[in-house]
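A.B. asks: Would you mind keeping the following structure in view while I ask a few things?
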């Protein structure tokens, strides 16, 4: 056994050096490491080492000391006690000398080195005998029992039988480990030695240091367990890949199955291929998919358990960190105790250290309990290791993949049999339709029409004919909202399919372009109504009966209605992608269709953002903001205002502070983002927000919000997104190309409003004296700049020329685009013009080049009339140069700064004439194209479109059931208030085509009152009395209710 601890103690004793408790802990850790290294790889946890015979001598010493104790008086007992443990308080508060302290520290070192078994045998036999132990006894005990108990080694996990055996033996050994004895001895120490006993203080130090070692060792096992589980969970990606592999080929085979099924039904096609395919399908199913089912399920289950372990074991890290924090406090206070020479201060520090030790022992026990639970879970996972499952799947995948590779050519030919749509008869599938780029579009068209038809024929009709659905409070109007614009899209795409039958490879896209206006209108209206469709569908999917009905149809059809209903949403993107691959068709046709579907794609993105924003707005129960179709949601952050905790929601038009409730949130404060006047950072965790009110003269009062330091970044990120949205149309301070694209004005190369200002300035500025030097009305100029940023209409002809010039100067100064500084040092010789042109073109920014050309054109025109405006090229250069060069933060050399600009103004024609002609031509072509697109858009908007409702399909259609009242009979449902027995009672009203039905509540099947519409009279006063024969009801609180208008209309008709 290792003798390292003994040598260290002897050395410290001979040298007379003082060591702190944390140093001794490190020595003990080293001893444990050296011991562990002697174990072999396959060994399990060692049994406790037997105590040697020296323990018997110690026991006899204790007995002798006990007998002596009876002969001592009280004062002698105290003195004897302090000889054993000098570090404790003296009963009479006798001050300690420096030598006493030094002696205490040496004894403390020896006690810290006492091992677990020795400490227990000396200390735990009898409480009364503890005071009789002498330092000599302790040292003798150390010399004879310095051997440490070996720590358990890390277990190597191997697959199959050896792995299972080791896990079992490790689990058994773990239950018998020395840790349990250590904790038992710790527990005995706590119960047997009272807090008033001085020896308890010493034992607590020992106990704490032992616990530090134990926590560290056990935590190492947790770390190893986490690493092992990480290794296992890594296989999850392979599992996902396997599942995707199966799904991919399953989809292909399902598609081929549908084709062959059609061939069998209609007795058409290559029956030899069909026979061959059927054999292949049978073999493939037996080889692959069937054997994977149980293994993949088991593997997924194991992966989930592994992930849960990784999540749960985070508490181990937290507990370890808490314990380490206490241990650091202990080391720090121990160092202070060693350095302190004042006796009184020593007593205070000693008490603080004792408190930290007690706290550390409690935290250590808690940590060890958590560690044990997680280790037990780890062993359970290993016993159910899924590695062999993964190997089985991997082998199965290879076998399946091999079979698929053997039939790769056949699969391609079988897939070509998928033209089985009822719109095409045999022989109408032409060879040109099978070319990849065309086939992709046509196949997508077939599938799309089938999907939309399935939505109506199975979902809409079956739901509408199911009498149970009436009990969900839904009406045909709600169903038409959910399935909005589906029927018109079916008609439109069926017409396209009919045209495809007669087309050819060069003209097949004409089948789409012939309907481009109708396509745009149908999809534009679908997108416009999609948000309401989404809200209504989610509302009724939360009702159990409606969801069960939909789920049953999903189960039969193998689809999900929520996915099918978004098919038009996805068709827009799919068609655009397929269009990009077509190269054999007239470019003009492609450009027309691309323009239509790119415009729809932009609208689609806006709708997606609206849906996200709406999903959060509906959670704000008392939101009273304006309806905004362009609202965007950017995130939420938990914050507080004073003592009120809540959440800040960030929208493009509002910042909303709301308090969480049982269902949703209650709005506390709302800030309009367009009116934010104050946004001040008070400190690292506090921000003040204030809005201007209707009365602009009032002082703006801000509200302070505080948050956790870790959420400040999220708060500022959300705020920046709001700011970017608000300034999306800004031109000042933004890159010239970015601002132009954001305004959708690319045909102008730079923002159109600047062209208008240049045009007006070229007319008026040359005649104005002091132009560019004189300032403008700053207040008015800033108002107009805000209007420009918001893209509001401005009549530049009414602006003051000095204001327009100053706006241009401000714009030049604000944007990041600048002239290269190398222009300042260019040699102005006969080749200077060519050099300048080369440098300008090397900027590779056509927008900024076009802007600079317009700027110098204006300056040149002003310079030509310098006799009138008194602004020569020298003056103009001095005014404009600081705004168009990069500010390098140094004092400008005015001559260096202006010399080239002055030269460029004077030689405008030679430098810029070619650039001007190129840019003018580009702008002309861009505007021509823009006019074409505008004409196309007008044509799109003028196209009539089909507004047929989905309910029109119900005529003559039968669904799952037609017994009882169904949605075909129901016009509207609503909660109403009836006046009964001199009080108002809430009831549920179902307005049918032939009668009114009053029920106790929405889900009730039984009717309380039924009033046929034929013969029904209505008497409207403060109350509504509906009467038919002897039966009548009285309605109250009916004002502004939708059902009231419908009742009047029905009864009058």
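Glycine too: its Cβ is placed from the backbone N, Cα and C atoms.
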A.B. asks: What range among 71-91, 92-112 does TrEMBL record as region 'Disordered'?
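C.D. replies: Comparing 71-91, 92-112 with TrEMBL, region 'Disordered' matches 92-112.
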A.B. asks: Among the residue ranges 362-389, 390-417, 418-445, 446-473, I'd like the one that TrEMBL describes as coiled coil.
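C.D. replies: Range annotated as coiled coil by TrEMBL: 390-417.
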A.B. asks: Pick from 1-56, 113-168: which range has region 'Disordered' per TrEMBL?
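C.D. replies: TrEMBL lists region 'Disordered' for residues 1-56.
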A.B. asks: Restricting to the domain 'DH' (433-624), what is the model's mean pLDDT?
C.D. replies: 86
